[in-house]
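Chemist: Pulled from TrEMBL, these are the listed features:
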BINDING   H66, D104, H312, E316  divalent metal cation binding site
Amino acid sequence: MNLRELVSALNDFASPSLAESWDNVGLLVEPSPPHTVNTLFLTNDLTEEVMEEAVQKKADLVLSYHPPIFTPLKRVTWKTWKERLVVRALENRIGIYSPHTAYDAIPHGVNNWLTKGLGACTSVPLHPSTAPSSPAESTHRVEFCADAEHLDAVLSKIKDIPEISCLTTLPARVEGEEQTRVSLNCSQKALLEVVALLSENSLLHHKTEILLLQKPLLPHTGMGRLCTLSEPVSLSDIIERIKGHLQLPHIRVAVGAGRTLESPVKKVALCAGSGSSVLKGTEADLYLTGEMSHHDVLDAVANGISVILCEHSNTERGFLSELRDALAIHLRNKINIIVSEKDRDPLQVA
């Protein structure tokens, strides 16, 4: 596939607009066009060892879940390892694409895969995503009535205000008088100017309605998951299930105040990777994530919530095999898709 065609297909699989605002997602390194992709190489972290593997396996595009370019690069030299990744990629005509939190949000993404380690359950996003392009850039709708004497003058002034859209007029009858109902969409900034304008005329201001435009929620899409198990199980059983799902011999556990390893677990709040900000304040029997700060763990435990930490990328990496199969279907088996064998969590129990 042509690189740009493939990037478009990857964006359709998980829209970059679903990623967090602080993230750096999409195509990060692009070889000079035209660039044909025969082999797509999947990894959780793009390290120098993994890049060497991608070169040896003749990859044309690396899909790295974590973006290897996050903070801006001021130069591309051989001095730092992330700069060397870019040099190696371009020298070997390998593109780099990163989805990161877009894959966290989608219904068929990383967090959905992580829920499978709990057993039979239902889940909903902890922080639902909203539709990215509706209702465009407008935040409010303003509706008011005006009589013929004032209408033209008011409309003329409104049209001079930036960030006004969907301006419409309809005949209306108010308290037995023929008037015109004006409706418009506007930004937060423009709203202040519209209200100031209408407030100059008390009759217009009296008839004004301001509606907040909220973007619709996307079903089953968003950050984190709150999972309700079909049947409550003990914390010790959940620990074994998670170790099996993540293929880990050891995980870290903090037992909530007043709880034991035999206490029942019914509700689990989870977030792949670093979950402190996503999980904080959620009522649950258990928090499951890769890493949390010491003090956030203390807060959870004090509130009777047990915590399981598996190290950051251990809660993400296993998704790559599922992703390989899903992308093969999405891309209609047009390219070869392989998963890195060198990619691993940097931490181990010694």
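Residue 1 is the first one shown; counting continues down the chain.
Positions of Cβ are set from backbone N, Cα and C atoms, glycine also.
Predicted automatically and left uncurated, TrEMBL annotations should be read as such.
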Chemist: Please name the residue among the binding-site residues D104, E316 whose C-beta has the most neighbouring C-beta atoms within 10 angstroms.
Modeler: D104
Chemist: Out of these binding-site residues, H66, H312, which one has the fewest other C-beta atoms within 10 Å of its own C-beta?
Modeler: H66
Chemist: For the divalent metal cation site (H66, D104, H312, E316), what does the 8 A shell look like? I mean other same-chain residues with CB within 8 A of the CB centroid.
Modeler: N44, Y65, H100, V110, A272, G273, S274, G290, S313, T315
